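Novice: Quick one: this structure, given as structure tokens, is what I'll be asking you about.
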Amino acid sequence: MTIQPAVPTSPTNAAPEAARVTPMMEQYLEIKAANPGLLLFYRMGDFYELFFEDAEIASCTLGITLTKRGKHQGADIPMCGVPVERSDDYLHRLIAAGHRVAVCEQMEDPAAARRRGNKSVVRRDVVRLITPGTLTEDTLLDARANNYLLALARARASSGGNRIALAWIDISTAEFIVTECSTGELAATLARINPNEVIVSDALYGDPDMAALLRELPSVTPLTRDVFDGATAERRLCDYFAVATMDGLSAMSWLEATAAAAAVTYVDRTQIGKRPPLSPPSREAAGSTMAIDPATRANLELTRTLAGERRGSLLDAIDRTMTAAGSRLLAQRLAAPLTDIAAIARRLDAVAAFTSDSAARDDIRTILRTAPDMSRALARLSVGRGGPRDLAGLRDGIMAADRTLARLSALPDPPQDIVAAMQALRRPSRELARELGEALAENLPLMKRDGGFAREGYEPTLDEARKLRDDSRLVVAAMQARYTEETGVKTLKIRHNNVLGYFVEVTAQHGDKLTSAPLNATFIHRQTLAGQVRFTTSELGEIEARIANAGDRALGLELEIFDRLAAVVVEAGDDLRAAAHAFAQLDVAASLAKLATDENFTRPEVDASLGFAIEGGRHPVVEQALKRAGQPFIANACDLSPGPGQTSGQIWLLTGPNMAGKSTFLRQNALIALMAQIGSFVPATRARIGMIDRLFSRVGAADDLARGRSTFMVEMVETAVILNQASERALVILDEIGRGTATFDGLSIAWAAIEHLHEANKCRALFATHYHELTALSAKLPRLFNATVRVKEWHGEVVFLHEVLPGAADRSYGIQVAKLAGLPPSVVARAKSVLAKLEAQDRGSTVRALVDDLPLFAVPSRAADESAPPGEAAPLIEALKALHPDEMSPREALEALYALKAKLPKP
């Protein structure tokens, strides 16, 4: 397996011969060479140490001291280290910075190494590769977000172009999903899934056609071809899931199986012998979710604001969940609204049940508050990284399932989704909960190695070992009292550390007393520090051996108990995961009901029509912000439904001044539609939505300097995507198209875009503009409706009323807005003067005349001497018709162009 290094991590020069380095450094270099591209955490006692450039990288990233240890080819070896006890914090920061880490542990204690020979080095080996997509520890994960590893596999489709298969896994929750898409759909699909790490073949990684897309992803790992070998894919999947044939798994295409096998192979290799259980891959049908491209997701601020913050996003505004799993599920649904009308209705039924029965909703939410994150606790236990608190969490989860079932059983007629959740909650064994309850103590340590987690009385043999250990400690306390009396040193203490074991410690001023006769016959000097002197005695050594043996035996017995309980829990994994998912579903339904009640949302109607009728619509995020400020939100209606005798939805052309609320109105209608299709009530008094298959938004733009694109270029690229891809079932919102260039250029582009939306796309759309001349198009385009945002002038000032009404604005009030922004009075006065002169030219009348003169999609006529295409052009025309530009990569398009040129008649 090849892992792409984020930065160089190997020693600068070639590896030295064994004779030129210490045995420890020889071992380090061998392990490092076997794990290229990863920072090597090399265990040295209570620390993980890093060397060479790994140390320099870690020191810089973590802000820890860079020191040195020994020399390598005449130069000092850079070194830094982190305590094992705090390593999770450092690992989290390294992974967040884009690095990958190989954890190398000591596989034996130093005593065992000494028995093998005085020059033997402690055996070490890499036990795990930590990458962004393969995390399980709660300290490394965001509790409210999934952590997906995604594999991409590509193949040429029989109809031309490429097909892409995607397989994504969250090993912390066992989720495993596969799907296929076209090259043109890949960016939108990746934006929806939002993977933390993407694995691709070396060939795909080096493909220039994929370079731009891969650069946008947070972490991309290229792997060798064998990982993406379709010929061995089914065998590898069957091996991972321990099944004889693929019949036991979901039906998958050959390409999907290739991606799925790559994903599980990578998981297997990074976990090194600790194979995490996964759910069988679930196949996501094409078109089952609303397509939303990356630009639209960003513009609408669905899960993150444009500044990258969760606060201020739609997810933040609607998330009332009580559990981490519920929050993750809500984020998944928001990223992938459904197109299945029946499934949407089932979700709405569940929300409605909790909306109408507030007592049941509040009781369920109270129970859910105590429910642990069962999926992630189970995942940690399955790979040997769990602790006693994970076992207790699963025990508490089963008990919470009983309380939840008891409360839901009181519902008179629970809807289908709630009934399904109840069935899942019945699956875990109550006997398992009883066993865990009997085994675990009240106060549990975080780590199993700390011991003390088994309840007294659960295991008699353990109780005996603990008594012997604890009695020995009482002997130490009595010994300290006796030594204090014998020496007359009241500050004498018996202490313990991992280096010296048990020792007698006195302050420096009493050190000479214990080293002088007659006390020096009893007290043997061990260590002198700045303020203390340490001694041992033969009696203390004997007691230490007894305590160590008793303590080791007690801990060993406890670890056996833990491993036995963990194995039973992992065996019941499928039932526990089903219950965990049921908790998440109930949490989302109850939280959306709470949201609907608190914010006065209503149940939307979602059907198969092309209707779009919203009454009293509000922006879910802006309304809450205004409410916190003590201000009301002005609700507005929007109706894009086909008119009488029409078969396609309407386009609203929205005009009005800056700051009047046009962009808010556009966004709120898109968000209402999206919320309806995730199965949520919506901020409106009434809403009827004909199912939307694609959502497009071009609202706001900024320079993309990294890719050499101006604001206007970004705007045009996003607009091109919309005009090329929007279907009749799409909803499009466009704001200020054409504003980033010369006035007449921009007006012409906006004009042509409206015509295209009306005649070619035939979709439902909201189009905001300051080109008031475009309102005259409503006379030519029957499905174009003019709307404006109402304002009022009062004593020379403009008052924004935020009401959307039929009609067209005659002014943009730009100068008044500039005055409100604080432009100097002289600039405002001059602007008014210039505006008056420009308006006197009555440019608008010229444009209105063009509306009458230009037919739709008119193009300049051919020159009089231009002849019609010759008959031999027919093959070219047929070849052009066979092309599908949206499914072609740039390279494929170029090859097609050369092929067409070759078909031209020779002169």
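A Cβ is built for glycine as well, from the same backbone N, Cα and C atoms used for every other residue.
Copied straight from Swiss-Prot:
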- GLY656, PRO657, ASN658, MET659, ALA660, GLY661, LYS662, SER663: ATP binding site (BINDING)
Novice: Given the recorded ATP site (GLY656, PRO657, ASN658, MET659, ALA660, GLY661, LYS662, SER663), which additional residues of the same chain have their Cβ within 8 Å of the Cβ centre, ordered by sequence?
Specialist: VAL789, PHE800
Novice: Pick the one among the binding-site residues GLY656, PRO657, GLY661 whose Cβ has the fewest other Cβ atoms within 10 Å in this structure.
Specialist: PRO657
Novice: Let's check the environment of ASN658 (ATP binding site): how many other CB atoms sit within 10 Å of its CB?
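Specialist: Around the Cβ of ASN658 (ATP binding site), 19 other Cβ atoms lie within 10 Å.
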Novice: For LYS662 (ATP binding site), what residues in its own chain, 6 or more apart in sequence, show a Cβ-Cβ distance under 8 Å?
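Specialist: For LYS662 (ATP binding site), the qualifying residues are LEU654, GLY656, ASP735, ALA768, VAL789.
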Novice: Please give me the CB contact count at 10 A for SER663 (ATP binding site), counting all chains in the structure.
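Specialist: That number is 19.
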Novice: Just to confirm: which same-chain residues, 6+ apart in sequence, have a Cβ under 8 Å from the Cβ of MET659 (ATP binding site)?
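Specialist: Counting only residues 6 or more apart in sequence, the Cβ neighbours of MET659 (ATP binding site) under 8 Å are PHE800, VAL817, LEU820.
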Novice: 10 Å Cβ neighbour count around ALA660 (ATP binding site)?
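Specialist: The Cβ of ALA660 (ATP binding site) has 26 Cβ neighbours within 10 Å.
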